[in-house]
Amino acid sequence: MAYIISVNASIISSSGGPCVCDSSDCSTDQAYLSCIQEVRQDLITSTAAISCLASVLMGALANLPVGMAPGMGLNAYFTYSVVGYHGGGLITYQEALAAVFLEGWLFFILSLLGLRQWLARIMPQSLVLAVGAGIGIYIAFIGLTSGLNVIGGDVTNLVGLGGCDSSDWIPDLPYFCATGVLRSPTVWLGVFTGGIMTVLMMMFRIKGSILIGIFITSIISWPRSTPVTYFPNTDAGDQLFDFFKQVITWHPLKHTGNVLDYNYGKGKVWYALITFLYVDILDTTGTLYSMAKFAGLRDPVTLDFENSTIAYCVDAFSISMGALVGTSPVTAFIESATGIAEGGKTGITAVVIGLLFFVSVFFAPIFASIPPWATGGALVIVGSLMIRNVRDINWDYIGDALPAFLTILIIPLSFNIAYGVIVGIVTYALLNGFVWIVRKVTDGRISPPNYHASEPWSIPHGHIIPPWIKYLMSLRSSKVTDSPAEFPFEVRHRHSEISIDSQDPGIYTPKNSSFANSEK
């Protein structure tokens, strides 16, 4: 998970943060670019600090082996869809943080009431898988553009090959190559060391391959006066190099700490809040369910898992705290599957993750000096891992396949996760809603020929009311008498189920065991 420290800072700083560009061409405004570099350094500290807090809380309170950090996909949505590149969107950086802060507390309430878990389970499975795959393509596209610069702009086809030097850009169109495509040495350094070499290490199952690839590319880019240096002999390069030489330091937040702007008059915060809500419901909630299933902790009937209410409350609290330090929504990390596969089954795993993130806070100069071409390959690789969801989508029935396909397609093409989700849900509702009405009216006589291949959808098992509310209700309804107390509930254990005998509370027998009907 350590790669998120540099990658998250690189992505969110692309929004410009609270920096203000006073010139017509922000890509050449040295004062603005210098401010962005400071924002990126702030975000290094913010990312490591909030990842530490969230992971420790998840392990200590929910006892789950799941690491938490600002999520990939969510940070891209925050930067490119909400705030916009260099602040070109409808929502400012400060307003977007206010929306994230409010979203966290709203999620906290929804988690306490059990609604968040229920909403995640009611989503058609093919659409859930399609959103994850679409985000994977989206992240890979960002890696190829903002990271590696392999893809640039094109005045005819909108996108085309990039990778030229700034001297070969079309006038007034940064990253639009007039000539010399793929001539930049940093492009090929990122492709081979951060990309191909990383994949080769992954093929041979070398642990930490992505992080190793990022650091090898960075180390090659650190010496000055080379064609691939990250510290050119300019004012911005000197500023970066001076910070890099400190190696270990405490970098306080100068620009991103507690800069929330609710801007009640224009209503922009509420627009951002709504979009964050449904994107985060799919992303964070789905990842937690996936990790619980992978660890064998999810109930196959209710599709819920132990301590789910606490886990979602921790996640919601961490989202709001992350907004206070200037970062996008925190989420459970799919990379937690690596620790689970190595034997991590309890919260100790998450606590260790959090402590290692705490150590990383003090190495901000190193993480801040990782160039974008070092992380671009990592984004493409992570995207390729996320696209694997498509193999589980129901492609045999067009009513499930088309909404999923449109979701995957629209997310990267519109550069907006929310638009992809909306298109998928609306298409699914129109197609399958019409079929449902026709079948009801004709009593099933008129139906698509291969309707039997459709993905079954129903309201999932399990009550919408969370366990703690049901427990309080049971206490209130129980009668207080002189006879032994009655226990109108079952005690669930992670590996077994134990029933409490209502006639004799002193006797505990494993449910469905050979002793259940024996003489007491």
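Residue numbering: from 1, along the chain as shown.
Cβ from N, Cα, C; glycine included.
Proximity of distant same-chain residues to the transmembrane segment (43-62), defined by a Cβ-Cβ separation under 8 Å and at least 6 residues beyond the stretch ends, is recorded for 1, 4-6, 8-9, 12-13, 17, 68-70, 251-253, 256, 307, 310-311, 314-315, 317-318, 321-322, 325-327, 330, 332, 346-355, 357-358, 360-361, 364, 367-368. Annotation source TrEMBL lists transmembrane segment at 43-62 (among others).
Sequence annotations record features per position, and here TrEMBL assigns transmembrane segment to 96-115 (among others).
Taken from TrEMBL, the feature transmembrane segment covers 127-151 (among others). Counting residues 6+ beyond its ends, the transmembrane segment (127-151) has Cβ neighbours under 8 Å at 10-11, 14, 72-73, 76, 80, 159-163, 175, 182, 184, 186-187, 190-191, 194-195, 282-283, 286, 372-373, 375-380, 382-390, 392-393, 403-405, 407-412, 415, 417, 420-421, 424-425, 428 in the same chain.
Residues or ranges marked as transmembrane segment in TrEMBL: 186-204 (among others).
Residues or ranges marked as transmembrane segment in TrEMBL: 269-289 (among others).
Per TrEMBL, transmembrane segment is recorded for 309-334 (among others). For the transmembrane segment (309-334), the list of distant contacts is 1, 4, 8, 12, 17, 42-43, 45-47, 49-51, 53-54, 57-58, 61-62, 64, 66-71, 74-75, 77-79, 97-98, 100-101, 103-108, 110-112, 114, 116-117, 253, 255-260, 276, 280, 283-285, 287-288, 290-291, 385-386, 466-468: same-chain residues at least six beyond its ends, Cβ to Cβ under 8 Å.
If you look up TrEMBL, you'll see 346-364 (among others) marked as transmembrane segment.
Summarising the annotation, TrEMBL assigns transmembrane segment to 417-438 (among others). Residues of the same chain lying 6 or more positions beyond the ends of the transmembrane segment (417-438) and with a Cβ under 8 Å from any Cβ of it are 73, 76-77, 81, 124, 127, 130-131, 134-135, 138, 275, 278-279, 282, 398-400, 402-404, 406-411, 446-448, 451, 454, 457.
The region 'Disordered' annotation in TrEMBL covers 500-520.
Residues annotated as compositional bias 'Polar residues' in TrEMBL: 510-520.
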